[in-house]
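Copied over from TrEMBL:
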- B:Asp462, B:Asp468, B:Glu471, B:Glu472: Mg(2+) binding site (BINDING)
- B:42-158: domain 'TRNA-binding' (DOMAIN)
- B:409-484: domain 'B5' (DOMAIN)
- B:733-826: domain 'FDX-ACB' (DOMAIN)
Amino acid sequence: MSGPNTDYDPVEVTPLKPEEVEAARDAALAAIAAAADLDELKQVRIEHTGDRSPLALANREIGALPPAARKEAGQRIGQARGAVNQALAARQEVLEAEHEQRMLVEETVDVTLPTDRVPTGARHPLTTGSELIADIFVAMGWEVAEGPVIEAEWLNFDALNLGPDHPARTMQDTFWTDPPEDHLVLRTHTSPVQARTMLSRTPPIYVVCPGRVFRTDEYDATHSPVFHQVEGLAVDEGITMAHLKGTLDHFAAQMFGEGISTRFRPSYFPFTEPSAEVDLVCFVCRGAGKLDGATCRTCRGEGWIEWGGCGVVNPRVLTACGVDAERYTGFAFGMGIDRTLMFRHGIEDLRALFEGDVRFTTAFGTEL
Amino acid sequence: MKAPVSWIREYVDLPADVTTDELTRRLTALGLKLEGVESAGAGISGPLVVGRVLTMEPEPQKNGKTINWCTVDVGAANGTGEPQGIVCGAHNFAPGDLVVVILPGGVLPGNFEISARKTYGHLSAGMICSARELGLGDDHDGIIVLPADAGEPGDDAFDVLGLREEVIEFEINPDRAYALSLRGIAREAALAFGAPFRDPADRPVPAPNDAGYPVFVDDPAGCPVFVARTVTGLDPAAPTPDWMARRLQQAGMRPISLAVDVTNYVMLETGRPIHGYDADKLAGPIRVRRAREGERLRTLDGTDRVLSPEDLVVTDDSGIIGLGGVMGGETTEMSDTTTNVLVEAAHWDPVSMFRTGKRHKISSEAGKRNERGVDPVITPAAADRVVELLVTYGGGTADPGVTVVGSPPPQPRITISYDLPARVTGIAIDAATTVANLEAVGCTLDKADSTLTATPPPWRPDLVDPFDLVEEVARIVGYDRVPSVLPREAAGRGLSREQRLRRRVGRTLAGAGCVEVISFPFVGDAAFDALGLPADDPRRHTVRLANPLSSEEPSYTTTLLPGLLKAAARNIGRGATGVSLFETGTVAFPVDRGPAPIYGVDWRPSDDELAKLFDAIPEQPLYLAVVLAGERERAGWWGGGRAAGWSDAVALVRRLGTELGLDVEVSASTRAPWHPGRCAQLAVAGEPIGYAGELHPKVCQAFGLPARSAAVELDLDALMRRARDVVPGPEFSTYPLAKEDVALIVANDVPAADVEAALREGAGPLLESVRLFDVYTGDQVGEGRKSLAFALRFRAPDRTLTEEETAAARDAAVALAAERTGAVQRS
């Protein structure tokens with residue numbers, strides 16, 4: 001029925017006067033700027049933007065204005081409140097950043113304090129060393145074969161062309177179980193594992209056999225009655241000494257670094273023929289024998305390090321283990337893991353490996 | 001085997017400029033392993049000269065000694081030509097003698113520097129040397145008096161005394177017995193340099209006749225050749241010539257008397273061991289036979305030996321006079337009055353020599369050669385060489401009788417195809433090279449179109465198989481020519497399940513702060529006693545060693561704990577405040593299923609035979625043991641430390657179980673070496689696998705470990721057998737969790753695990769987890785009782801649980817616990 005009262009003469013509303021609004025806004029902005037911390041700012045927020053703040057109260061009056069005036073007043077108030085809120089947010093951000101920074105400074109600790117609440121564990125370097133070797137061969141597609149340490153004499157000796165009257169038997173001072181007529185020994189090498197592998201599988205065979213072996217040696221800095229060997233055996237059609245050399249060169253490079261290779265010297269082992277001793281290019285002086293003008297300590301100036309023995313599997317061994325020696329040839333090699341670690345890591349006394357002093361073992365960490 | 005370089009050069013014309021270094025390098029490349037090079041004059045530096053004693057004035061001293069004030073002509077060696085004044089304490093010389101003088105500035109072994117110094121009132125400018133001072137032997141009876149023709153005053157004494165002589169020591173492999181002689185080493189040197197070789201055994205030998213000493217060989221297989229020669233009228237006082245004594249010393253043998261030294265010298269020269277008998281002590285013909293059961297002999301080392309029917313013996317009418325080829329008997333031994341010598345050079349069966357040496361534990365130079373194989377053909381020549389030297393240096397007469405019984409065994413014939421060396425070595429070796437190299441090592445060849453038949457020389461009994469010939473060809477071609485070729489890639493299956501699991505176990509324990517140790521697996525009663533094992537404990541039933549390192553530890557161990565506890569104590573003793581150690585290793589249990597068979601090697605044993613073999617081998621499971629001693633967590637700025645205890649030990653096993661996907665069942669048990677109230681038996685799926693807990697206080701004391709040290713030992717094989725291979729992917733609900741805590745009062749002896757199991761079962765399928773979070777004992781629960789507080793967590797797969805559902809499940813859990821364990825819910 002009735003439209004807006006366009007005749008209404010606006011009543012002058014004091015709080016909405018521009019100068020009042022500006023004053024309220026300026027007071028708020030000043031208070032915001034003066035707030036020294038987040039608590040003060042909170043107070044300022046209540047005072048200048050809360051329900052009872054001048055601008056909020058002024059806003060309520062807009063309804064009392066005639067419609068023609070509302071827009072302008074609304075804009076005026078809105079701008080003022082916007083400016084205040086913006087200033088508040090900005091100040092809030094600054095104060096929060098300050099607060100955080102102060103807090104972080106206050107929370108500073110001495111990070112150099114010790115943290116060794118639970119002491120570190122470690123696996124034995126002989127274990128991790130054996131695994132390193134195993135991994136090198138597994139990467140070539142070989143497998144890791146294992147067997148018992150108390151072994152049948154026939155497997156430890158006879159099957160390997162070490163008959164009862166073979167002079168080479170005395171080269172390996174053997175622990176026998178009691179009574180010796182039981183024909184059981186503590187294996188003197190891991191070769192019986194090779195024999196077991198050939199007895200139980202048909203070629204192609206590519207296995208490494210790491211493990212614990214025994215000789216009745218005196219226990220000193222370089223000898224131990226208990227030590228560790230890794231042996232390798234490949235039996236396949238067309239295997240030659242060249243494959244043996246290739247495999248050992250690869251092994252040497254993986255274990256000691258690129259460019260470290262091997263050389264062969266004629267030797268004798270009953271289970272191989274031809275047989276060779278394997279030397280390794282000294283990985284410290286790289287064959288020079290000298291290091292910074294002084295004699296290389298690792299190879300004692302030789303440029304080479306004696307590493308192990310190897311050769312072409314004696315056909316007699318293949319035959320005893322049921323491998324057709326007409327069709328297949330093989331190669332085998334063996335080296336001491338303890339000794340390898342000794343020169344790889346500069347360990348002076350072999351006995352450190354067996355004493356169980358945690359200071360020794362933890363030095364190697366959990367992998368080699 | 002020690003070989004003086006000059007002796008090698010006697011039989012091979014090496015170029016003069018070949019150094020010892022070059023010689024050893026080439027011999028090494030041929031397979032003679034170098035042990036070392038020593039030089040007789042090592043440690044001496046000049047001026048060391050020949051001097052002639054001009055005057056000597058004995059001067060008694062206050063201390064009772066008499067010194068000689070000498071003047072010695074040292075030619076121009078002292079720079080002045082004037083006689084040198086020297087004080088000398090020895091008296092075994094006279095003016096006019098040639099002696100060895102070291103002048104001021106010289107150095108004797110032991111870094112003993114010589115200078116002119118005031119002594120006994122004279123300025124003594126140098127020293128007259130004894131053999132001992134020069135490191136040439138133990139003779140300290142006086143100074144060295146040189147033969148009158150040794151040289152002129154001022155001559156360098158190094159050469160006169162052979163001090164520049166280098167001696168190469170080789171380690172001779174068992175297959176190269178021929179290199180246990182200068183003849184053999186020189187032959188290799190000739191091969192190495194392509195130089196002419198003069199065989200010292202190649203000499204005219206008188207023909208055998210019937211006039212020699214009578215010898216009968218009853219066992220020609222054991223003694224195929226026996227040569228006897230006689231030398232009469234020896235001067236027992238005739239000295240061994242200096243050159244021979246020096247060479248024997250250089251070769252590591254002690255000069256004894258001319259007759260003995262000559263036999264040793266010829267052995268070194270030719271490789272053929274020789275035995276000399278005092279001919280006057282022989283009675284009747286010599287007979288070689290096997291010993292009879294129970295026969296005895298006192299060998300010349302003074303040992304009484306009971307002989308075996310396998311032993312080859314030399315006899316005369318008096319009985320047994322020697323252990324053939326191994327050691328002579330005492331009754332016919334040569335002595336310092338021996339004038340007539342019977343020289344025995346015989347070829348013996350190597351296997352018999354090896355067995356006799358082993359049986360009687362005799363390791364002699366003769367035995368070493370005879371058991372590895374000596375050239376049988378040179379037997380008469382070696383005997384003749386001994387006769388020659390005895391006649392020359394002992395003033396004896398060679399008896400015209402020459403006894404030779406038997407003949408050398410025939411050599412084998414080995415047939416190979418021409419390309420075998422190439423096929424085995426991978427080196428391109430042509431037929432001509434194969435032929436040339438086999439001939440170079442002394443083989444006689446029969447060359448057919450496609451095959452080659454070699455008859456090895458008599459000094460190479462090691463050459464038997466085709467591959468033996470391959471090695472001969474290859475070592476001359478040079479092992480450095482072997483190419484480096486990787487074999488084809490093998491289709492391997494990677495690490496085995498067990499190998500992978502073992503790595504995981506090790507990493508888990510290391511991750512839990514444990515350090516791995518490796519101990520010797522030997523054990524004895526002392527360790528079992530220290531562990532408190534009862535007398536009938538199966539762990540005392542061990543695999544014993546026939547020849548243990550120590551009689552204290554005569555067995556292969558049945559438990560890893562002794563080694564581990566000792567290692568822990570060692571660490572504590574070295575100042576560690578806490579130590580956590582683990583070891584994985586095989587232990588052994590006897591199977592007592594009779595001896596392991598010995599099969600032939602000419603074919604593969606049958607599967608049944610192999611099964612029998614494997615069956616006789618002791619059981620050797622892989623065990624795991626852990627010891628936790630002292631501080632497990634350290635004290636520090638964060639607060640106090642914590643000593644290891646039984647629960648740490650059990651926790652480690654549970655952690656391992658988690659790693660392997662296994663629930664480890666824990667129950668109370670009693671077992672040495674654990675504390676009877678703090679020992680947990682561990683089981684997986686009902687199968688016991690080991691024990692964990694606190695060690696018995698007496699055990700800690702016995703091993704010197706901190707009180708309350710804890711330990712684990714379990715059968716790792718059994719644990720790994722049960723490890724889960726393929727873990728099914730878990731299903732889990734994302735609906736909200738419902739929590740219920742209950743406190744249950746039970747009698748003290750009720751295991752918490754039983755209560756937990758009852759709760760778990762009673763709660764039904766809605767239960768997600770149950771965890772004991774507190775144990776309380778005290779007044780509020782009453783004497784002999786404990787309160788166990790459990791956090792129960794419920795969740796349904798398909799909905800949010802209502803309070804009623806949760807409460808019902810909780811009540812059911814508590815009800816079953818009450819029924820099973822007498823638990824009363826604490827209000």
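Each Cβ is built from the backbone N, Cα and C atoms, and glycine gets one as well.
Annotated features taken from TrEMBL, shown on the structure.
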residue: B:Asp462; record: Mg(2+) binding site; Cβ contacts under 8 Å, 6 or more apart: B:Asp175, B:Arg176, B:Ala177, B:Gly373, B:Asp468
residue: B:Glu471; record: Mg(2+) binding site; Cβ contacts under 8 Å, 6 or more apart: none
residue: B:Glu472; record: Mg(2+) binding site; Cβ contacts under 8 Å, 6 or more apart: B:Asn437, B:Leu438, B:Val441, B:Cys443, B:Leu463
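Averaged over the domain 'B5' (B:409-484), the predicted model reaches a pLDDT of 96. Across the domain 'B5' (B:409-484), DSSP helix (H, G, I), strand (E, B) and coil residues number 31 helix, 13 strand, 32 coil. Neighbour density for B:Asp468 (Mg(2+) binding site): within 10 A of its CB lie 20 other CB atoms from the protein chains shown.
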